[in-house]
Each structure stands twice: as structure tokens, then as C-alpha cells.
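Here the structure comes first, spelled out in C-alpha cells, and everything after it is commentary.
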């Protein structure tokens, strides 16, 4: 509207001439005539909803306008109101610049390994493991370190910092390959199969569909048919399978094929029931020998060189390997076990099938085409319920991309809820752009400002989590925006922005800082992925907070100015238009009816029932939620508590529990005996002692892709005589320990000193020729001789550098490190307690030995196969510390935001209760404390802060001093937006549950559970605490000098205040009267009965509508603004003075003639005269404030008899003078008038004014139809319009009540 054009809403030409008010003049656009630019003309009739709307823009030339000259905005609200497009463009420009800088200044994220970064780093155990991995990777032929020395002499014993140029981090090269339990050899008896089954082949687990036994012919044939139809018929199977000598695909190792071999059938489909019975009898007779450990591969076949114990095995059991392979590989462990061998009909629950294809990425297409759908792998007899195809990580990346639709559906649900709540698609789009912009700016800061190189996949969860924070801020903002519009319908946009941002800005600052601090608290974790997520999510919250303060109000102003509906409907013909239009209008009417019903229900629920229920049953809520929090703490921390993981993240659960891959790892792997790891195959934990290399991890702890280099120990000196003796005694001392186990061949390297001593004592020790080392019986040896002989022994016993003697030589042939190992008797176990006992015992023993070591060997350290233990140890201690730190940071931020100790404590108590109950519920859902759970638990504090902060800030900004009124105020103000936000986030969490990827499912469960529980604790537990112990007036408030609160006025002695104020100048307000409220003398049961039960529809004059000033309302004369337009647009000028409310008799007569207010510009010339509009006649309709949609009431409290007491002063204006509606936006105009009316009759007559207030208000200037609650409420407000407070006696004069404007929440809610 800045181009001088005005909007005319035109009706049908036959509807009559244009009525007064349809033409929007310049005064209307500036808000000087009591209406805002976005307000519709008051000419719409009741039939408007049954017609179409036609808008027409007519350009009108108003001539030159000198007032359009650019002026600097005087306040932030004026900047937003006058330049919303410029503000949005500036924000958008910053977002685009940061996005370009972030994308061009760093590499794009790499999600090829989504599970990378879930191992602990920068811990004592983690550092040792990283250095040990680096030491293993850098040891070998032609590497940095070698097992045998170079013959080139060099006197240097130090190798400084060994940094490899490049070395792979592949775990496969560092971990010794697991061999088969028994080395199977084909004896030539079974030409049907291509050798023996192997762990490297793909495996399928079959179960019975009906729950019966698989040992029946129908089930066996079903397994054969399913393999042929779903796997062997695939086009890629022929290129992947192992082939026979005739170039045909090898048959699978399955129960049906073994049955065919033992029955001399050509195919498993040719077997008969008699074959199954004969083979079962054979297995029943051979099973006892297998379970006793007598039937082993060395006893199979007709060979002559067999162990003596093989004579116990019957020939029918050892003639072929088929019997052994059936019991060892194909059938489950309980089939024909010693416990079930006597069963007449043994039950076969699971049967394994080995495909003649190697596990790996080559099986991906076969799985997706033939095995992914459950209906394809099931029939009436059997189904495939478990698989091990070696494609778990590849399939995870596939499903991470496919299942992205579920987080997108969750986002759609969140923003669709915003659209339904606000009924504005434009605002929803702007909010979505704000969220995406915040994430892009946070990405720029993450890479450029914080210099983070690694961006984990879980950081993408910030899109959903930040949207959950955004929906709360958006709903709260527009509730406050509508509230300010309804209370000051004649105010300009600048005033509305100022009133809204006074509350919302405070709330967003406290909420954003608290949430960001809670997320930053998770940085204390030692998991790189969790630390990266904490840094990115905390930064995103803070960036979104900063953008929201400008983006959201500017979007609201833009919508209000250009996109709000403001057209007068055009009446249709007799038939109301065409049939499609009539259908649309009928649907529209029906939807409007539903919306009105929802609005009534919402008003009843959130404005009356919820405050009444919280206050009335506050005892029950405190006990109930405290018990829930205590129960959650007991379940999560005592019994059954969160269980630690039993697998590393690379082999852990990544899909839903019902997925075949997860079922194989969790259920079926242990059902077959070949998967059991015997003691001689690495089943016991080794102890690795290292000297010469310091346990210093030089890699980036926040980048799991970085590799550590080796840092040498400058004091390493193993050649001294004291060191030689100590190393020998270390070997003897270890053998005497209870944890020293049986050593495999070639071990222990711990006793290399014994081996060297025995080697040097022999006369002919050196096979390479005569040497100085042979025949030396005196021990210890000279350092030079020790080093020389050590090299000679290493060259002799390991000429190719493959045998590990515990020695590490550098490129110059010098001894650089000692790696001494021995086997303990602690079995490897996923149980945290057993491994912790092992680690504690060995560490304690080594620490005692190192205390007696010579100086050159005191920096040794110990490690073992502790990858899982390191993860378990971190997860067992870190979550509690991280949650405690997050709660402490949240409390500190809330205390800095509110400066109120009780409110901060109650808020943190509600957040802590939310976290404890959430943990307890997750335990009942059988969650393990794995890496994903640790990530979401660390984020639970940040997710549960929002709703509590909503109530905390609303309670803190309430103008009432008593706690019950403040609880009711905060519930009515924010409970509706809180409930809608909770419902939206709960629905978004439900939409993510069908996902296959466990990360998405757990994100949805965490989101809906945390938000739902947080809403309950915030709405009931926090508010009930405030009902009991909530701060009143200045209780618990950290006060600063010269600080005032809205309820501080009237607390001092009037005589002291009068004496301190000094003499009063003539013409100023010098008399103060105290209004003693009717609720002063109330029954003791008021708090529990009156305040909670008398929530009626009748207006209460002692409600939140009476806001009180905190000081002398006439302390300084007002400063006249330059023009009325400046007065209306500058919110500082509007809120710098204290407006007044008028009390008058119920028998007051009609108001006098309008009065002209005159102001002067800075040059002293008369600028403009503002003519007050006369009061409308009785028969003319009065303008009403816009009704808040969906039940948002403009009256924040209807509690009767709230204690409101404050100093009041008589106004200098005429008591009976009406403040016109056009002055509603400027509460200062009553102080600018030149004439000072005559004072009332009570001046100097009495000290206390008693008002007996009635329930109804009578005004002879209004018709009977307007003597209602809505008209009474609409006539009073913070804009300075008079509020009629009738007295019990008709001869009492008018009294003006001063209203506060600077220390309240910015509006009367």
C-alpha cells in the first residue's frame, strides 16, 4: 500500500451504493482512524459466506506525499513492521552466502559407512586400542617396523614419531581370520557335493510355518522347491555359484540333498518317507558319538592313520562325512542332543542351508529380487526366517536411502499440523524455509567455524529434531500474535509486533539457549558420532533461534499486510451460483461448522477444564508424576535397567528385530554347533604388553577416518642389566598368577628372555656361522652383547620375518619396541562383568610390576581384545554423566534467563522427570543401551525443554503476584499450542515406525515418547509444583539494583513513599488511592474452592484485565512525539507512559462532545489535530475485536476474586470524558491535552476507596443487545479505552486507574 493505492472490495452493483467505510483512506492505512491496514471493512452481511469474493485493486492518486521520506526505524518492532520484505531478504541473503561458503569450502558429506564413529575415542582404553591397531598395521615386511632386523648397522635406538604415508584401516587386515572349527577334507566318498560347507558361504535358516518339526517329507521338499524357485532361478546365480568339474553349479548343502546322498537318490525331490525314516535311525545311533567328541573329521573315511579313539565310532557313522556334516552344520543343537535323544519323535526346529556362493555384495541382487519379500520365502510348510548373506552393511546403505520416505512423512505431518493450526500455507512454507536455512547455516559453521572434517549420517536427524523445536515456537508466536490483535484491534502493526515480541522474544531466547546448552552437553561423550551430533544440533538450535527472531515476525507482518483476507463477498443470484460452486460452499459451511465446534471444545478444554483440573487436583498430579519419575529411575538404573550391547556396532542390530539378518545374528547363530568357538581358536583373552611406543593417539578424536601414528618412548632402554633381570622376573611372575593360562604353540612371547638365555647357552647356537653369542653362561649380559645376540636369534629363528618373537625392529635394524603376549584363562565373553574383572586383574598386576621396573621400562602398557569392552565401559558411565551435565547447563541457562531460582529448579525437575520416565519406558520396550540409544538419550534433555520453558516464561511474565493466578494465566496462554505441538510430533513419530532401518524407528519412538511425556510433566507436574511452591512477587528472584516487577507497586508504606517523593509540583498527580480488592476478605478455602470451581462465563473485573503499575504513574511528563503517526508506529513511545483506566458509576450519563487533541512538532508548530470520533449511536453496530480462532480466548483468566492490589492515582483528564476508539493505539494521548479537567470529589477526602463491584455492567449508551460479556470485555484493554467499574453507590465520582505498560508481558492476556 506504499504506492498510494487503496483496496476497494466491491459487491454486486445491484446491492446498493457503497457504504461508509468501504473506501480505505490514508488515515485508515496509517491506523489513525481506529483500524489497522489489515482490517476488513465492517460492511459484510450474514449472507456473505454463501457468496463469492471478488477483490479489485483501484489505484488512487493522492498527490505528493512528503511523509514518505525515509526515516530510520526507532525500534526493532518498527523495523519489522515497516520493512518486512527487507528483513526477509537480508536473512535469505545470509542463508545463501553461508550455504555457498559451506558447500564450496568443504567436502560434501560421505555416508558410505554410516556406522563409522560409534567406537569410543580419546579414552584410556580407546587410545591404547588405536595405538595397538596402528602398531599391527605398521608391522611386517617392507613396513615401518619388522619382526626381524636389517643387517645394516646403526647405533640409533630411537625412531621418533613414526607416521605412515598411508595405511588402510580395514578391520579385516588387523584381525586374524577365524578358521573353521575342524579342517574338513573331502575324502572322495561324497562326489555329490563340492567339498565341505564353509562359513564363507551364504546361509539360510528354515523353520516350520506351522511350528512343527522340519523332519518330515513335506517340509524337506518345500525347502528344495523354495531354493530352486527363489534362488537358483535368478539370472545372477549362475555367475556367482561354485562349479563342478563338469562346469555345473554345485548343489547346496541342505537337509534334502544330504538325505538324497544317504539314500542314493539323484535329487532331494526324489526322496521318500522311508528314506527319511532310515536316515533318522542312522542319525539317532551316531549322535551320541558326535556329542561325546569322538566322531570328528579325523575319524571319517577309510583311511588307516586314525587316532586310537576313532575305533569307538561305528563304521556306518564314519564311512561318509555326511552324518558328521548333518549333525555339525545342518541340524540345530537340540536335535538328538543327550537331553532329547530318547524322544520317540525328535523335533527339528531349525535347519540350515549353505548356498554354493560366497557371501558378499554379489548376493545383493539375489536378495532384493527373490528373498526380500516375506511372501516369496514362505509357503504352507516352511519359511526362511534367517539369513547370513554378508551384505548387511550394503543393505543398510540401501535401506537408508529407501526408508528416507518415513522421515519425510514425519516432516510432512509436522508442517501439515502447522498449516491446519494457522490456516496459512504461506506461513508454513516460510517456517520450512527457516528450518532449512538454519540447518544450512549450521552446516557452514560446523565445517568452517568449528573446522569439523567428519559429518556423520546421524546428523541428518537434526532435520526432524529441529522441526520439533520449530513447531513449538511457531504455534506460540501466532497465538500471541492473534491475542495482541484481538486486544488492540485498532493498533498498528508496529504495536502488535512490539507486544508479541515482548513475550515471544523472551521465550525464544530462553528456550533456544536452554535447548542448545542441553545439546552441547552431549559433547562430553567419547563417541565421535555423538559428539559431532551434539555440536551440529546445538549449533542448529542457536542459529534457528537467531533466525526466528527476525524471520517469523517479518513473515507474519508480510502475510498480514498483503495476504490476509480482506474482501467483501459478492452476493450471487437467486440460485446462489452454479452447482459446483454451491457444492463447494456447502462443504465450506460444513467445515466451518466443524471448526466452530472444535473451537468451542478447545476453549472449554484449555481455557477452563485444564486450569481447573491442574489447580484442583494439584496434590494428585505431584504424587503421580513423582512416582512415575521414581519408577522410571528404578527401572532404568536398578532393575532390569538398560542392558549393555553384546555386539560391536559393525555386527550389531541395524534393522528391525524381525528382519532375517537380525534374527540370524540374535537367535539362530547360536543354534548350530559349528558357530561355537573353542578355546584353542582364540576363545580366551590374550594379554598384550607393549614397551617402546607410548599410548598416545595422534589422530583426530572427532574424525573416525583419521589414523594414529606411533610415538616412540625416548626413555626406552631394554638392554641394561637391570632391565634384562626384570624382564626375566616378569616372565616368572606372570606364570605364578592365577590368570595365566595354557599357551598355544609359539607362545608366550612374554618369556623371550628365557628363549634367548637358552639359545645363548648352547655351544653352537648360531647356524649362520661362528658368533660371539654362543656359550655365554653369565647373565645378565653387556648391553651391546644383548642387542647383538637378540638380533642374531631373530634372524635365525625367523629368517623370512614371519615368526613373532615379541621384538619390533625399525628400518635401521635397531630394537624399537617390545610386544610381549601371553594367553590368559579368562574366556572371551560379551558379558561386561567378566571382561571388566579380567581387565582389572591384569592392570593391577602390571601396575605393581612396573613399579619395580628400571627407568627404561616403566612406560609399558597393556591391551587386549577390548573393543566391545571399551564400548560397554563408555556406555555404562557416560549417559548418566552426559544427562547430568545437560540438566546442569539447562538449569544455569534458565537461571540466567529468569533470574528466579524456584522456577529454574522446578523446570529442571520436570525435565529430569521426563528423561527418567522415558528411560524406564525404553527399558520396558527391551531396548539395549547401544550407540543409537546413547545418541537419542543424550538428545532427550534438549527435546524435553521446550514445553516446560513455555510455561516457565509465561508464569514468570504474568502480572499477578499470587501463584494460583499465574498458574491459570500460563495454562490458558500456552497449553493449547503445547498440546497441538505434542499431537503433531507424536503423529510424526508414529509415521516413522514402519521403517526397516532401526535408526529411523528409534528416532520416531524417541520423538513421540519424549514429547508426550514432556507435555505431561510440563502441564501437570511443573504447574502443580508452582501451585504449591511457585514464587510469589519477588520470592526467589535475584534482583538487580533499580529493577522493578509488575507486582512491586503498592508494597511500600504510603507515608514513606510520600516522604521520599518530596513536594509535588502544581498540576501533577499528587494524590494516591488504594483500591482494596473484594478478595481481601475471603474464606480460607478460597484457594481450593473459589479459584478452581468458579470458572464461569461471567466477566470478573478483578482478573488479568487489571494490570498494575510498579511505580508513580505520573513521575515524569510525557514527551510529545513529532506527529501522531510517529506516536502510533513507535512502540517505545506507546509503552513508555502508563495508560489509565476509568471507573465510573453504573448510572453514568452519555459522554460529552468529542475533544480535540493537539500535538506539536519539534519546531513548535502545530502539526496535526486528531479529532476524536463521537460515540456511535445506540442503533449503530459497534466494532468488535476480531474473534480469536479455535478457542483462543482474549481473556486469560476468569477466576473470581483474584487478589489485585496496587497504588492508583487520579487522572489529570476529565473523569467523565470518554477516550475515543481511535485513541486506542496511543495510550499517551490523554497526557498531551492542554486543558486539565477538574478533579474528582474524593481528592483529599479519604485514604482508602472501597468499591463494591457488581457482576454485570450497565451503560446507558449501549443497547440491551450489547450488555453482554463480550461487549464488556471488548470495551476495556491496554490501549487506554475506558473500563467501567460500577460502584455500589451511584453518587461516587469517577476514578482513573493507572495501567502498567513496561514490566508486564506486553499485553493483557
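Using the three backbone atoms N, Cα and C, a Cβ is placed for every residue, glycine included.
All annotation found in TrEMBL is predicted automatically rather than curated by experts.
Per TrEMBL, compositional bias 'Polar residues' is recorded for 1149-1163, 1192-1215, 1262-1272. Marked as domain 'SSD' by TrEMBL: 409-558. What TrEMBL records for 1-44, 1149-1240, 1257-1309 is region 'Disordered'. Feature annotation from TrEMBL assigns transmembrane segment to 83-104, 399-418, 424-445, 457-481, 501-520, 532-552, 619-638, 880-899, 905-927, 934-957, 977-1000.
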Report yes or no: does the transmembrane segment (501-520) come within contact of the transmembrane segment (880-899), defined as 3 or more CB pairs under 8 Å with a sequence separation of 6 or more? yes
Taking 3+ C-beta pairs under 8 angstroms (sequence gap of 6 or more) as contact, is the transmembrane segment (532-552) in contact with the transmembrane segment (619-638)? no
So if I exclude everything within five residues of the ends of the transmembrane segment (934-957), which remaining residues of that chain have a CB under 8 angstroms from its CBs? That is, six or more out. 458, 465, 468-469, 472, 476, 503, 506-507, 510-511, 514-516, 518-519, 521-522, 525, 527, 529-530, 533-534, 537-538, 541, 875, 878-879, 882-883, 886-887, 890, 894, 897-898, 900, 903-904, 906-907, 910-911, 914-915, 918-919, 922, 966-967, 969-971, 973-974, 977-978, 981-982, 1002-1003, 1006-1007, 1010-1011, 1013-1015, 1017-1019, 1022-1023, 1026, 1030, 1304-1305
Under 8 Å, at least three CB pairs between the transmembrane segment (399-418) and the transmembrane segment (457-481) (pairs 6 or more apart)? yes
So which of 83-104, 619-638, 880-899, 977-1000 is most in touch with the transmembrane segment (457-481), counting Cβ pairs under 8 Å? 977-1000
Taking helix as H, G and I and strand as E and B in DSSP, count the residues of the domain 'SSD' (409-558) in helix, strand and coil. 133 helix, 0 strand, 17 coil
